[in-house]
Every structure is written in C-alpha cells, then in structure tokens.
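Student: Straight from TrEMBL, here's the annotation block:
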DOMAIN    1-103  domain 'Lumazine-binding'
DOMAIN    104-187  domain 'Lumazine-binding'
REPEAT    1-103  repeat 'Lumazine-binding'
REPEAT    104-187  repeat 'Lumazine-binding'
Amino acid sequence: MFTGIVEVTGTVTRLEKQDDTAAGGGGTSLTISDCGEILTDAHLGDSISINGTCLTITSFTPSQFTVGVSPETLRRTNLGSLTQSSPVNLERAVSATTRMGGHFVQGHVDTIAKILSVTPDGNSLVFRLQPREKEVLRYVVEKGYVTLDGASLTVTAVDDKAGWWEVMLIAYTQERVVMAAKKRGRR
C-alpha cells in the first residue's frame with residue numbers, strides 16, 4: 001500500500017527483456033538508480049512503487065535496486081515503454097507511522113491513459129487524459145482522485161461522453177513528478 005506522494009524521482013539504468021539472473025527470474029527486469037535515499041531501510045522482498053506500480057525488490061545496493069516485471073504488469077502499465085535514462089516516480093510502501101498526505105494507492109494498475117492535451121493555467125498545468133479502457137471512467141469523479149505515474153492527483157473535470165478527465169499539476173508538483181515533462185500523445 002502506498003500514499004501517492006512521490007518520495008524521489010529515480011532513473012532507469014537497465015530494462016532487460018530476458019533477465020536470467022535471480023533478480024529477473026527469467027523474465028523482464030528493471031533496474032533503477034539515483035534513489036539511494038529510499039534504500040537506506042530496504043530489504044529483499046520489499047514492495048516499492050515505480051510510477052504507481054507495486055513491484056518487489058529482488059536485488060539492491062546502496063544506490064540502486066532491481067525488480068522483476070511480469071507480463072501482466074507490462075500489458076497494464078507504461079513500464080514496458082521505459083528506456084534507459086527514463087525518469088520514474090518512486091515511493092516506499094507505507095508503514096504504521098506514514099503520514100497519509102495523498103490517498104490509499106494499492107499499486108495494482110487498472111489501465112493506462114493517453115494525454116490528449118496539456119494546457120497552462122497560471123503557474124499550473126492542466127492535463128486532459130483518455131483511458132485506454134473507457135469503462136474505468138465510471139470510477140472517475142470530479143474532485144475525486146486518481147493515481148497517475150504513482151502521483152495522487154485530484155480530478156478537476158470529467159466528460160463521460162467524450163471519454164476524458166482532467167487533473168491539474170501545481171508548480172510544486174511539477175518539480176517533483178515525471179508527468180510534468182510529458183507531452184500530448186504520451187501515456
């Protein structure tokens with residue numbers, strides 16, 4: 001379980017489609033670096049959120065970690081489209097003393113969404129998004145919340161007929177999440 005409050009942005013250093021090491025388990029593995037501050041209390045088997053997806057740490061050093069990524073996870077998330085040097089949002093699993101500044105995030109991703117537009121509004125950015133599976137729109141309500149790339153965000157508008165919803169990133173959030181750099185057409 002996570003909060004949707006991104007702790008740090010890490011960097012993909014390796015995405016291996018066929019990792020036969022113990023860390024990859026014979027499937028896809030993802031190695032993330034530039035994240036030592038969230039690994040100080042890490043253990044093998046810990047859950048960690050990478051762009052909102054709950055994954056298991058299979059190997060780590062003081063400065064990087066590796067996770068195995070299942071075929072189902074690759075189908076349902078944007079993790080398969082990451083490349084070397086891609087930035088990713090990271091968050092450790094909640095503990096009994098974690099502040100709940102966002103919302104309960106399971107890390108089990110329902111779908112991906114395409115960015116239809118990015119529009120400045122003062123010092124904020126409005127993202128209009130369209131989900132791949134339209135049926136998830138019934139769960140998206142104005143002033144409710146969604147998790148996008150692991151960040152807990154408030155829904156500012158919904159159009160069920162047109163099949164989109166909007167969120168707004170304030171300046172503070174823009175500096176701390178990977179979504180702020182994404183353009184129209186990205187997922």
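The backbone N, Cα and C atoms fix where each Cβ goes, and this holds for glycine too.
Owing to the predicted nature of the structure, the values given are computational and were not obtained by experimental measurement.
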Student: What is the number of residues in the repeat 'Lumazine-binding' (1-103) that are helix, strand and coil, as DSSP sees it?
Tutor: 12 helix, 44 strand, 47 coil
Student: For the domain 'Lumazine-binding' (104-187), give the DSSP counts of helix residues, strand residues and coil residues.
Tutor: 14 helix, 37 strand, 33 coil
Student: Take the repeat 'Lumazine-binding' (1-103) and average the pLDDT across it for me.
Tutor: 93
